[in-house]
Ligand code: ADP
Ligand code: ZN
Ligand code: ZN
């Protein structure tokens, strides 16, 4: 490569294009597509990614600058991933560097470091020589010093350094460095036994420590970490160094892997003989894997129908062909049982990627994949970018989960990325769920357009798995009308039915999962005299009450204030917190059932690393009667003694201003119901609600996915919502409202003009093409961190390229936005309307 096309890491729309650089001779061997490089850019040295080579430079060759450095021996991105990155930035309208960076582990997000060294011809004054003697000596003898480190250790030297740089006595050089490096451990290598004996004989008796050390190594000749050896042999590192200096021992820095599962044992598990229903579902998937053909499947199996066992065996197929597999799970920290099942089946061939790992741990897991030492990646959303070279299978479990859509830029959906990688690799894609999203299900049964990109719409092959394994029945579901309870004088949190059922479980020593549906139902503070509610002064959203610290906190910006003892507005003392938090449920449980053992899992009890796993282990070992929690108890858990699932406030999220509210409620209730009776003991589910008639709740009673979905698809079609139409939102934020309004209006007007030019109308229900531009209106969160937010929404359907219009319009607005500091953020196919 003579000239490389590089995308420089400046995430702005103006610089969102590749720049050409010369490849110097010394780096020619190393620069490839996907290489991470350091390049000079606007007076700085920045990180960039090589997109490919250029035959002819776009500008005069003599004006090109050379690449300063290559940052990795093996390019972190393959050609395939670079292509995925390009596609992502078109698909979700984000700068290319943003989509490329999203595929790299955080440890590889290079930062620019400045180094200083004395200029060769620097003429130091006598005064400088005497005042800064030590410093100058260090500079001259120790080579370039890292500026940030120097200023941290000696802030008093900042002025002198600045002046010397100006005078040209010091030179500055910039380097791009990794935030984190490979971890190394000093390791001691002993010589062969005979040499060791000779050495031992030659050491004088007074060097007792050294003798002990060699004696220990005779017994334990394998390489050992220096620190561990010193401890095991009861000596010091000084003794080890002494022997190393004599050339008897060798001490080398060895890369050490930070293995987050190092101290865990996974009992091996063999494949289970598939049931006839599983075999039927498995056959087309296995066939696609064997043909090495890209195909997308929707595996629609009720909870406990044996989907995971099918995933495991499909992976086995891919591995036996020398190919690799990715498994995505919604939030891996919440589903330790999934990790366990994959580790048990495939052992060390599994790399685990999730957000609870430290950057270093994640980097090491990532390297196992890149270097071909792992063949299966299990992880949350971003594991879809696992850098495999021979991908044969991609699985997305619980494909309907919202966590697969990233809410910050790049606002990609892992499902679409998986399908694209499947295409590029000739790999099979399996989307599994008990409650598939309407987009996937509608496309699979042919009731709605395909999902994904307009010109690449995906229609998965539909594979139903309607029965649980081993004829286990689905649990019986009862819907309890809480209004009726109130009429009969029960003001408690638990209906009589739920209280009775709980008591029975306690008597029988069985377990209960209690879900408190709390989305949109935070514990907020309200004055009962005047209606005042405490809101964040920066974000315009209700503050949440935290009992532990007795303060009110903003979940968006972290603002906190003390719990008020009287109303700040009317001074009434009748101010209290409303809404049912998990803590209140815990208290009510303790009151109603003295001695009950409850594990509470919510954001407050699970911030600590590994805490989920600890709680879940405790529950599995039956050291608690009830597992109480928010959404996080609904997913993936499989405990044999859970025979009761209770849902409090099932309808809490139904009134949220989101057209998917009903779908989400149905999915959540079905998922949590699926936690009951998964093994020999039959299960029961009790759902408490104030809206038993609502179809998303009523349908849960009969596990009626098809009925619910049929009706819901009808509503969506009538209103032009996904999966029948598409959405695109633009959010603008700034400190001043008038500016936002005028920019929002410009966006809306230009979009309408583009629609008109394309002959598309917004209100035309008779046409199969339409595009409607709504707004600008205040966003559902109207202010965040002191910035006001307005949004425009484009609702379109049919053969309409509203995304291209938006891309052009954003380009036109970019300059104005930059000048005024207005942030523009576009969301293509948004998942969260809040
Ligand atoms: P899902 O992923 O659909 O919820 P799982 O794969 O977790 O279902 O299966 C549910 C339960 O049935 C698990 O305990 C699993 O070990 C068991 N199981 C799955 N397949 C079989 C099989 N073919 N034979 C016996 N038990 C099975
Ligand atoms: Zn008041
Ligand atoms: Zn706030």
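Just so it is clear, glycine is given a Cβ too, placed from its N, Cα and C backbone atoms.
Taken from TrEMBL as is:
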DOMAIN    288-444  domain 'Helicase ATP-binding'
BINDING   527, 530, 567, 570  Zn(2+) 1 binding site
BINDING   536, 539, 554, 557  Zn(2+) 2 binding site
DOMAIN    559-714  domain 'Helicase C-terminal'
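Location within the structure of each feature annotated in TrEMBL.
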residue : record                : contacts (Cβ under 8 Å, 6+ apart)
527     : Zn(2+) 1 binding site : 533, 567, 569, 570, 572, 574, 575
530     : Zn(2+) 1 binding site : 567, 569, 570, 572
557     : Zn(2+) 2 binding site : 536, 538, 539, 784, 785
Exercise. If you run the three-state DSSP split on residue 554 (Zn(2+) 2 binding site), which class comes out?
Worked result: coil
Problem set entry | Predicted model, mean pLDDT over the domain 'Helicase ATP-binding' (288-444) | 93
For this session: Measure from each Cβ of the binding-site residues 536, 539, 554, 557, 570 to the atoms of ligand 3 and list the residues where some distance is under 6 Å.
Result: 536, 539, 554, 557
Exercise. If you run the three-state DSSP split on residue 570 (Zn(2+) 1 binding site), which class comes out?
Worked result: coil
Exercise. Per DSSP, residue 539 (Zn(2+) 2 binding site) is which: helix, strand or coil?
Worked result: coil
Seminar exercise, completed: Taking 527, 557, 570 as the binding-site residues, the residues having C-beta under 6 A from ligand 2 are 527, 570
Problem set entry | Cβ-based neighbourhood (8 Å from the centroid) of the Zn(2+) 1 site, residues 527, 530, 567, 570 excluded | 528, 529, 531, 532, 568, 569, 571, 572, 574, 575
For this session: For residue 567 (Zn(2+) 1 binding site), list the number of other Cβ atoms lying within 10 Å of its Cβ atom.
Result: 20
Seminar exercise, completed: Sparsest Cβ environment (other Cβ within 10 Å) among binding-site residues 536, 539, 554, 570 belongs to 570
